[in-house]
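First the structure, in the form of structure tokens, and then the observations on it.
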Amino acid sequence: MMTSAEIRKKFLDFFVSKGHTIVPSAPIVVKNDPTLKFTNAGMNQFKDYFLGNKKSPHARVADTQKCLRVSGKHNDLEEVGVDTYHHTMFEMLGNWSFGDPANPAAGYFKKEAIAWSWELLTAVYDIPEDRMYVTVFEGDEANKLPRDTEAYEEWKKWIAPKRILLGSKKDNFWEMGDTGPCGPCTEIHVDCRSDAERDAVAGATLVNNDHPQVIEIWNNVFIQFNRLKDGSLQPLPAKHVDTGMGLERLVRVMQGKHSNYDTDLFTGTIARVEAIVGKKYSAGDGIQDVAFRVLADHLRAISFTIADGQLPSNTEAGYVIRRILRRAVRYYYSYLDYKKPLLFQLVPLLAAQFKTVFPELDQQADFVAKVVREEEEAFLRTLEKGLRRMDDLMSALRGSAAKLLPGSAAFELYDTYGFPIDLTGLIARENGFTVDQPGFEAEMQKQKDRSRAATAIDTEDWMVLVDNPLVEFVGYEMLETNTQIVKYRKIKAKGKESWQLVLEATPFYAESGGQVGDTGILHSNGEMISVLDTRKEHDLIVHFTDKLPSDPEAPLIATVDRSKRKATEVHHSATHLLHAALRKVLGTHVAQKGSLVNAGELRFDFSHFAKTTEEELSAVEALVNEKIRENIPVVIRQMPKDEALKLGAMALFGEKYGDVVRVVIIDPDYSVELCGGTHVGATGELGYFKIRHEGAVAAGVRRIEAVSGPAAEAFLSEQFIQLRAVREALKNPPELSRAAETLVAENAELKKKLEKAEAKQLAQLRQQLLTQVQTVGGVAFIGEVVEVGSVDALKKLCFDLKSGLAMLPNTPLFLAVLAANIEGKAAVALLVDEQLVATRQLEAPAIIKQHVAPLIKGGGGGQKTLATAGGQDTSHLAEVIAAVRNLLAAK
RNA sequence: GGGGGAUUAGCUCAGUUGGCUAGAGCACCUGCUUUGCAAGCAGGGGGUCGUCGGUUCGACUCCGACAUCCUCCA
């Protein structure tokens, strides 16, 4: 039996023998494509070739591509692991031909693609012919699409006609979007059922019918049309082949298994999980078996995505990773009864398994495991919190007859505390409750509607002014150029209208590699239009503006905001110097994990396992500043990627296949990086470099915030001004920090002394008041206007009378009222004996509100035995005392 | 980008219509007790209640902005 590694290798070897170049898998995380967060098909990294934006350096290419699918019509995250053949992360084997009308012999089309598919499957992989079916596009009159007779004829050379099935537009016609390159495809299906089953039901009837044992393994797409906005099809001059074969399914067929999880791609992980949790996987439909499959699947998605540079987070792509990871935790927590971090323990095994295919995981295995562990621990804490909250909710409802947990409560748990709904249901059932599921769904829908409404963007069609333009970025050399609009479109978001423009030649740098997009001005016939931002869409440079020139076709002068660009370049070059310095000081394990470069500062995230010490940061700063003073010229060169790597260039994540790269060299022995950004001419332009802050952003990831150039100057001078102000405030002491410490300590001591003195004064006042006790209506009464410094002191004084009054002989009941003028405002405190409250309904807050507050023009309240009041009028304090006294006498 | 929640002692958290003299447990310090496993008793220190504004006689509490963290949705 062939191992998965052999099967993968035979695929690649086979296409090498057919003149293909093998390219590495693109990262699973996608940059510069607003429509896509993750690579979800083998063709993603070649999109620009199909769209005609770019020309491929090789006509024939093959690879195995890491893909991730978590949503879409055929792949819902919640379904993965429930069945035996859907995955979040999978490998797509593919072979491509990029047609070139100028050199048709370099590529190939249907004839070769079909013949080679057949050869590989039958001669190399030995899959029996009588288990295979192929489908061919039947045509679609409504869409004016012809039947793919060409593919049909090619297949007839190899396979019995009864095994060639016709397929509908849904299954056998492939389109990237509503417009653009498209074409018919032909799929190869394999029937893996037993002979008895195959005799009973004809395989042909099960093709494309979601049968778990009759599965599609290979799709060959023939891109031959371009669909226009009006729906019509134009034949493409350059025809392409785009194929994809899921490795996991292929291996399952070759190894004769009924489940992808029984192949050697997954059995290692499952065995390790069995050993850790002490339970057995039995390949069945039970929830425990689902849990094993979920872990085996999700581990791959999480590990490879983190290795490609995407950390779990609460937005966008990072959030997808977090969700996958949490789903895995949920399953082992609930169904394998394992309450500790588990996934991270599996990372080394997976890394070793894929060491030769996707070495990036093995190279960062420690880092990935650390990130996963941290994330697991965080979620387990969240679960604990949720469990506590659930207990509260249920004990509040315990008395109710229905034992129904309201949907709003379940949603609150989910939405605010991150507590998964299925776990809520599980625990509710264990406690004899049910969850109002429809109520939950309704709340969820409300949230979705709200979010969607807030982000609704209405994008109109591109208005194309120039066909097949020469779009070019000229901003490396100049900051101003004559140009014109090539196409534009209107965007509506949150009731605001804005415009996106594509220019023929543009000096505007589009946000990329952490460097922010340029801003500036477009001059058109005396009109000035502000460019608010510049961003990339695939390889298009899109300018964001708030209006459109009155004549869109008029020539333009495009001018970049020079000072902002300059300050940004300073920070970009500083980032390279910093990166190199970190590797020199901390070690070569330092790898870039994220970067932000703008006019005001730079932010650099990198992998490192300990806090960077003061000494290390100083050393980094010193090294960068030394390189600045050396005034090293910044050399930028285009060269083949291999040559750049030989030079020691740090290959950053986010690089796709493509031969020529741009390399930024600041002293070949110091810093060599692949980079598309803009830079200063020589390091001396940075002037000075200063780290402002260092901290952690995630497990094993540190962040440095720093400034250079004018921003550094401004930062230092601001710090200096502050320091001078402090120094002056402290009367220029010889040792500033000591003086400040002494001052703080002295201040605390004085405060304490003052408090003591005030307390003593209050004690004296208290003694004095206790000698002035009168008896009113059989109650010991103190009523006095006093002089104290604060409302708190008055309250304390009044409260302290309690112990003295309680000790008076023969007078078990007491009442005290004190009034004071505090900084021009009236303050009153009233103390009532507990028994007095009970027997005569003399509640302090009531007295305060009804009898005291009106006299001082204010309000008040408190507890039954002690209440306070405040007011603006201090002229009736004596009357307050009299009023309370009269009230006591009357009761 | 849009919601929800949180921020109180070194740590984990209470604090119910605005007015309890800002609290508990753990940790810390002192003393007592005790030769034993997460010891007991008594006493004590420690707080700009995230920041800044506002409302009010009075704000930990209400309102607004900001910051940080958690969480869901897009």
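Placement of Cβ uses the backbone N, Cα and C atoms for every residue, glycine included.
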TrEMBL annotation (coiled coil) - matching range among A:12-39, A:376-403, A:572-599, A:740-767: A:740-767
For the coiled coil (A:740-767), mean pLDDT (0 to 100): 77
Environment of A:His572, A:His576, A:Cys675, A:His679, the listed Zn(2+) site - residues of the same chain whose CB lies within 8 A of the CB centroid: A:Gln515, A:Glu569, A:Ser573, A:Thr575, A:Val634, A:Val664, A:Glu673, A:Gly677, A:Thr678
Long-range Cβ environment of A:His576 (Zn(2+) binding site), under 8 Å and at least 6 residues apart: A:Val664, A:Ile666, A:Ser671, A:Glu673, A:Cys675, A:His679
Neighbourhood of A:His572 (Zn(2+) binding site), C-beta criterion under 8 angstroms, separation at least six: A:Gly514, A:Gln515, A:Val597, A:Leu602, A:Gly677, A:Thr678, A:His679
